[in-house]
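The structure appears below as structure tokens.
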Amino acid sequence: CFGFPLSIFFIVINEFCERFSYYGMRAVLTLYFKYFLNWDDNFSTVIYHTFVALCYLTPILGAIVADSWLGKFKTILYLSIVYAVGQTVLSVGSISELSDHNQDGSPDNISLHIALSMIGLILIALGTGGIKPCVSAFGGDQFDDDQEEARSTFFSLFYLSINAGSLLSTIVTPNIRATQCGIHTKQECYPLAFGIPAILMAVALIVFVCGSKMYKKVKPQGNVMLQVCKCIGFAIKNRFRHRSKQFPKREHWLDWASEKYDKRLINQTKMVLKVLFLYIPLPMFWALFDQQGSRWTLQATVMNGDFGIQVQPDQMQIVNPILIVIMVPVVDYLLYPLIKKCKINFTPLKKMTVGMFLASMAFVAAALVQVQIDKTYPVFPAAEQTQIRLMNLGNLPATVQFEPQFQRMDVEPKMATGYMMFKTSELKSLSVASGARNQSHHFADLQGGKRYTFAFKYNGLNIISDVILDNVTSKPEKGNNLIRFINNNDLPVNVSLDYKNSVVLPPFSAGNYSIIPGGDRQYIIKSTTSISSCTVLAKKFGFGSAYTISIDDCTPGILNITYFEDIAPNSVHMAWQIPQYFLLTCGEVVYSVTGLEFSYSQAPSNMKSVLQAGWLLTVAVGNIIVLIVAGASKLSKQWAEYVLFASLLFAVCIIFAIMATFYTYVDPNEIEAQFDEEEKEKDKKNHDHHEKESEADSKM
């Protein structure tokens with residue numbers, strides 16, 4: 001079909017569905033840990049990177065199993081079943097109703113959900129990692145030797161299917177997660193967000209099985225990684241046995257394997273180890289790169305996602321695949337030719353060094369964004385401190401004097417001061433002067449570590465006041481807002497938001513905070529008293545804010561209200577993350593693509609799988625570095641951690657640049673050709689020797 005074996009289309013569709021399943025699940029994983037399993041940022045990051053590391057360790061196991069025992073088809077089939085089961089278990093584990101016996105929307109037995117989630121993730125890691133090295137190679141097996149051009153086109157289609165699956169899933173699953181679903185109570189829809197990837201994995205499995213009769217199935221021919229490991233192991237063991245000075249030294253320590261292994265394998269292993277030595281600094285790049293799905297996603301949760309449409313924090317990861325599609329052709333067809341015209345020797349190792357530098361700059365950009373975010377965070381009191389603010393709900397200005405001998409504040413009508421910090425033990429009383437009245441108020445039951453609002457007004461006769469506990473200890477999460485009402489009337493009022501969850505407030509009293517979703521939606525506030533009923537369209541609250549809304553009075557049909565900002569909304573826009581994504585993606589393009597190309601160009605053809613395993617291992621080790629730093633870091637500020645990672649990668653970048661200067665490029669094909677010539681000459685000598693022996697025997 002179109003010059004391709006028909007089986008190829010089953011493999012490409014399978015890959016699209018599998019990548020959709022993996023990246024869709026992974027996109028929402030960090031927020032699932034934080035908001036459903038209620039883990040803190042550090043622990044969520046640790047578990048996320050542990051999972052990613054496992055996904056990049058298991059490909060080595062999958063390659064060995066496929067090449068040595070089961071073959072690629074059976075390995076893909078069996079591990080895809082494991083993969084689909086894992087996705088299903090993860091989806092089931094995210095259903096709160098499994099243990100929500102009191103039907104309050106929160107799991108009563110969180111350990112059950114953690115256990116199911118961890119089992120699911122382990123199965124997913126085995127599945128996705130195990131089939132990773134097999135699917136593309138299995139696709140390549142479907143072509144004959146004379147179909148090189150078609151095979152090359154297949155790998156382009158294969159890569160396109162990976163990016164298409166990643167791109168679509170990163171759009172779809174965060175939106176599904178953000179929707180409300182549930183049997184007893186409505187909450188973020190993690191079961192469906194994980195369920196859709198589970199369904200796609202089942203589809204991938206069915207599609208793969210449907211093409212089984214068309215596949216060309218190559219029998220297992222042994223895994224070269226095992227041969228290389230055995231060769232290295234024997235050389236080390238043999239060298240240790242002959243460590244005495246009476247044994248002459250050999251040119252290279254691998255030459256100690258010559259008693260058991262042929263010269264070709266030993267020299268091929270030397271070439272591979274030479275490249276693998278350069279891999280030692282590489283994990284640090286992946287330590288930064290894979291934080292897109294953890295730290296950067298968590299950073300986006302405290303930013304403004306209003307792009308005209310609401311963008312979810314976990315959707316910002318989509319910037320990377322979009323920029324990849326744009327930047328790869330720009331770099332390959334514009335930037336590299338331009339550098340070549342300038343006669344700059346931009347070698348692969350120099351490209352990789354630049355990629356590392358760009359990634360470190362991406363984290364500097366992330367740190368700068370974090371500094372701006374930190375400026376918007378409210379400061380909450382310590383255990384021995386109390387915060388208080390003054391709220392004048394009257395129509396006349398007032399002067400407030402804190403006793404004993406603290407500051408004096410003028411408060412305009414329908415205005416509030418910011419929160420002021422006091423030592424709880426020292427805050428005794430205050431006096432309010434407004435109109436013709438002066439009134440004192442004594443604080444009796446103020447608690448340390450709490451915020452309070454002192455609301456007051458002059459009503460023409462007296463000054464009435466109330467101390468209101470602001471029961472908020474942190475900025476609202478998930479971009480939600482907190483809204484409460486205070487009754488600034490002489491009569492009780494019935495207040496509702498969008499005609500729901502009405503609350504009756506006595507005169508001059510405040511209700512509790514209610515959570516409303518963030519975004520640009522506007523709500524209708526309705527106020528009803530015994531003599532009037534009126535409504536007003538509220539303003540847009542944005543993301544992550546808290547407001548106290550004063551219900552003042554009604555003018556024919558219109559409710560008059562006053563907004564008091566308790567916590568400012570997220571003011572740093574998510575668009576400010578684009579520069580850090582741009583720098584990191586540029587780094588990925590010149591680092592990752594070049595790294596694989598360099599590795600393949602410097603290794604013998606039969607050793608490419610060894611380098612592929614080594615490359616995947618650097619990704620795994622990079623994620624292990626993140627979980628170690630996140631678990632052990634004592635840095636209290638997130639921007640400082642970003643700077644730490646940027647500094648570490650910059651230092652590694654310098655080390656790698658120095659290592660690269662001492663590297664000598666080789667042509668494996670020439671070396672292989674030399675071995676072929678030597679073997680031919682050896683065979684010829686053996687043949688001539690046998691002929692001479694035969695002639696001598698015939699003469700006798």
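Yeah, the Cβs are placed from backbone N, Cα and C, and that goes for glycine too.
Since we're looking at a predicted model, the values are computed, not measured.
Some features that TrEMBL has for this protein:
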type	residues	note
TRANSMEM	46-64	transmembrane segment
TRANSMEM	76-95	transmembrane segment
TRANSMEM	110-131	transmembrane segment
TRANSMEM	152-172	transmembrane segment
TRANSMEM	192-211	transmembrane segment
TRANSMEM	271-289	transmembrane segment
TRANSMEM	318-339	transmembrane segment
TRANSMEM	351-371	transmembrane segment
TRANSMEM	610-630	transmembrane segment
TRANSMEM	642-666	transmembrane segment
REGION	674-700	region 'Disordered'
COMPBIAS	681-700	compositional bias 'Basic and acidic residues'
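When each of 46-64, 152-172, 351-371, 610-630 is scored by its Cβ pairs under 8 Å to the transmembrane segment (110-131), the top-ranked stretch turns out to be 46-64. Each of 76-95, 610-630, 642-666 was scored by its Cβ pairs under 8 Å to the transmembrane segment (351-371), and the highest score goes to 642-666. The stretch from 76-95, 192-211, 271-289, 318-339 with the most CB pairs below 8 A to the transmembrane segment (152-172) is 318-339.
Most Cβ pairs within less than 8 Å of the transmembrane segment (642-666), among stretches 46-64, 192-211, 271-289, 318-339, belong to 271-289.
Through the fold, the transmembrane segment (318-339) approaches residues 163, 166-167, 170-171, 292, 346, 577-578, 581-582, 584-586, 588-590, 593 of its own chain, all at least 6 residues removed from its boundaries and within a Cβ separation under 8 Å.
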